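Visitor: One structure coming up, written as structure tokens, with questions to follow.
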């Protein structure tokens, strides 16, 4: 009876509440009735639109499937890759719309548009000469392949590189469009956009990381009692969610076991481990120093031999041009292998082990780019024997040094993509076939290659840093990066499912997401430095050339004044003689 009374009371309250709402609506004005109904309709439309838009998210189903099969750690890598695809696509739209598109419109005369070239009347003439030869006359077929791989020839005279943009003003009907200013502002815009977007994503990962680290017991409770999604009705989706939770718990238990092991260490064991870590770090420093010196030497050699490249055959010329990229790629491949091998002897927790390996690889890859840029700059600014007069840089070897830097970034990006594709085709697949069809004990002990999250993340952060630096020198480079990462997503997915196996020590998505973005932020900060130095150098070179031209004009004026003074003295003498002898 008591339960029946309570139920009746609840029903009565709900009915009274509905009656009150109907009474309120009855006494409202038409405007307020329409406003209330419109607000409800708009909320419903937005809710439905949000539900539909979730199905339009790029690779939504693929990433969800990867999360269930391999855990949230590997899923976070693919989500990170999707973020870079979207970021590069937006950067491409920005650069194309404000830099390249106005020139295309003016070249085709759309909207009665015209162009005005940059005036060189106040600048030293030698500093304005840039005439890339391209491919003239009959050329061999492999020449086009060489141009595609190195960014020279037919590509050098296109809108891909900085040297193409020699236009000062675009007139669209009666509107004046200042292209140099737009180029500069677009550069600042894509760097600022990248910075703000990364910070925005990092805040969410930082909050998740704090929640997890606050109380491990609470994390267990959340996974066990509140980790399941009761909205799941599909059996396959339920199985995916079950596997995802299983990987999370496995990682937590592994960390707790190792923490207990570390707590039970004796003083002797601690001294042995610390001594071993110091020795290993000395080896790491030696490896890094060797990589940096090798990159510097081959970059200087490649730049010195680039003048005689026309006398070489196809293979030799391509090797000379790609020598810095090859050495950097070898360093990026060998270095992480050494670091991954050495980290096993340092006896860290899985999470810190991944972070330390990543930091070493981050420093290696990003410092390799910095050494390459430093080597290029040392050649561009080589002012021995007055090579830099009057432009402020070695304009004889580098008539447009910005395009040369853009070509190096272009080659690094292309070669990086070729290596990722070749490694999957010629290393992972043969290894998978051997392990599957060969019963030899040595082959079975070798096993499948692990899907290393640290190596995979560093690959794309390295490529993204190249893209950020190269976009100033090659405005269409983000389009190449977008296509590159789009293809890499499917290469990595096929490699993960068919040719590799998940790592024995899975990582947590919350910490990995945050750390990936922090490393990406370091790469962006590194990109700020060469782009900022390049912009400052352009301004400095312009004023140096302007000062040289001004000095030359002053000397010409002095000579002219001397000549005029001589002419005046001659005329005065003639007039005087005429007066004396009328």
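Heads up, the Cβ atoms here are built off N, Cα and C, so glycines get one too.
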Visitor: Quick one: sort out which of 514-543, 544-573 is the transmembrane segment according to TrEMBL.
Guide: 514-543
Visitor: Which stretch does TrEMBL mark as transmembrane segment, out of 278-299, 432-453?
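Guide: Matching range for transmembrane segment: 278-299.
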Visitor: Which range is it, out of 247-270, 319-342, that shows up in TrEMBL as transmembrane segment?
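Guide: It is 319-342 that TrEMBL annotates as transmembrane segment.
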Visitor: Please find, within the list 14-36, 37-59, 60-82, 83-105, the residue stretch that TrEMBL describes as transmembrane segment.
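Guide: Going through 14-36, 37-59, 60-82, 83-105 one by one, TrEMBL gives transmembrane segment for 83-105.
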Visitor: Among the recorded stretches 83-105, 181-199, 278-299, 319-342, which has the greatest number of Cβ pairs closer than 8 Å to the transmembrane segment (514-543)?
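Guide: Checked against 83-105, 181-199, 278-299, 319-342; highest Cβ contact count belongs to 181-199.
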Visitor: Please report, as numbers and ranges, the same-chain residues at least 6 past the borders of the transmembrane segment (319-342) whose CB is under 8 Å from any CB of it.
Guide: 149-150, 152, 280, 283-284, 287-288, 291, 294-295, 298-299, 301-302, 305-306, 309, 312, 357, 360-361, 364-365, 368-369, 372, 375, 408, 411-412, 415-416, 419, 452, 454-455, 458, 462
